[in-house]
């Protein structure tokens with residue numbers, strides 16, 4: 001689960017991380033009132049969407065008068081903000097954050113993320129913070145510093161100072177940087193976050209350290225422990241199809257291709273998508289029905305997939321371990337009838353009750369294309385989608 005920048009800064013503030021004063025706004029008038037309350041003389045008008053790259057996309061602007069705040073708020077609020085993370089369709093801006101302007105002397109980058117390979121938390125930092133951090137990581141990876149934290153021990157002062165020194169933090173700000181790093185780590189652990197990113201972490205002309213941005217992702221499996229974080233959820237920022245899928249315990253992510261995929265198991269789903277790509281196709285979605293899918297669940301999965309009008313063919317790829325192939329077959333038949341399926345459907349089933357499932361499909365009277373291998377299934381569905 002993601003949250004907005006201003007919500008992330010509320011969390012950071014709770015853990016003692018310095019952030020600028022700011023007020024969220026949901027209308028132009030609220031934006032002007034927020035600027036008046038903050039006092040100025042310089043404000044930052046920030047679009048609030050669940051995506052990075054807002055600055056380059058035109059969603060973060062400086063204002064030096066209340067009239068300019070009004071003008072910029074009118075421009076940004078309601079705009080379809082396109083960034084490298086939103087895709088070409090962009091994301092509508094429904095909220096703004098009006099913030100005190102900052103004295104920017106030097107911008108750093110810092111983040112915390114779980115490294116599954118080492119089973120530790122990685123503290124990642126760079127002296128090159130700001131809008132071009134992705135380019136820095138690509139072109140000069142030596143400027144990205146990584147320190148692995150043992151979750152049993154936690155982030156030590158020595159580790160935090162090592163990172164501060166490695167990114168060239170001046171001596172008069174090192175103690176502050178160490179304090180901020182440790183508080184960020186505490187925030188990361190206590191909130192069950194999967195990502196905390198500050199870009200930029202600013203050092204002003206007086207040597208003070210302050211977080212000018214805040215990006216959070218949270219482990220959805222741990223949200224039951226954090227109702228206060230669930231309260232931050234903004235459904236307007238989420239794909240309606242993904243919200244609908246979650247109601248039926250379906251893992252669904254829409255993509256840009258034209259071949260719908262219905263698979264049981266995340267690993268098989270990714271392998272299926274890779275195979276479709278290998279044979280020249282483009283998957284329209286990731287959809288994992290899980291190990292305990294019912295006929296109703298499969299029907300709902302079809303309905304969700306077909307809400308995407310770009311779907312030209314569907315591939316159902318099932319391995320019947322816990323899942324029985326006859327149950328999937330029943331669901332496929334039911335779904336085809338319920339949605340009046342009008343696009344080609346390729347089905348591959350292997351495992352428990354495989355023969356019964358295939359027999360049910362063959363006797364259904366529906367124009368279902370059968371396949372025995374993943375290569376055959378991918379070949380047939382790619383051809384059918386053309």
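In case you wondered, yes, glycine gets a Cβ from its N, Cα and C as well.
Taken from Swiss-Prot as is:
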| type | residues | note |
| --- | --- | --- |
| BINDING | 46, 53, 54, 55, 99, 102, 107 | ATP binding site |
| BINDING | 199, 213 | Mg(2+) binding site |
| BINDING | 264, 321, 322, 323 | substrate binding site |
| DOMAIN | 9-244 | domain 'ATP-grasp' |
Whole-number Å only: compute the distance from the Cα of residue 99 (ATP binding site) to the Cα of residue 264 (substrate binding site).
46
Around residue 199 (Mg(2+) binding site), which residues of its chain at least 6 apart sit with Cβ under 8 Å of its Cβ?
109, 110, 111, 129, 130, 133, 213, 215
Whole-number Å distance between the CA of residue 323 (substrate binding site) and the CA of residue 53 (ATP binding site)?
42
Between the Cα atoms of residue 107 (ATP binding site) and residue 321 (substrate binding site), what distance do you get, rounded to the nearest Å?
52
Expressed in angstrom and rounded to a whole number, the substrate site built from 264, 321, 322, 323 spans a maximum Cα-Cα distance of 10
Whole-number answer please: how many Å between the C-alpha atoms of residue 321 (substrate binding site) and residue 53 (ATP binding site)?
43
Would you report the average pLDDT that the model assigns to the domain 'ATP-grasp' (9-244)?
94
Can you tell me the CA-to-CA distance separating residue 55 (ATP binding site) and residue 264 (substrate binding site), as a whole number of Å?
39
Quick one: Cα separation, residue 102 (ATP binding site) versus residue 264 (substrate binding site), in Å?
50
Judged by the number of other CB atoms within 10 angstroms, which among 53, 55, 321 is the least packed of the binding-site residues?
321
Helix, strand or coil at residue 107 (ATP binding site), per DSSP?
strand
For residue 54 (ATP binding site) and residue 264 (substrate binding site), determine the Cα separation and express it in whole Å.
36
Looking at Cβ-Cβ distances, which residues of the chain lie under 8 angstroms from residue 322 (substrate binding site) while being 6 or more apart from it?
291, 292
Whose Cβ, among the binding-site residues 46, 54, has more other Cβ atoms within 10 Å than any of the rest?
46
Can you give me the Cα-Cα distance between residue 264 (substrate binding site) and residue 53 (ATP binding site) in Å, rounded to a whole number?
34
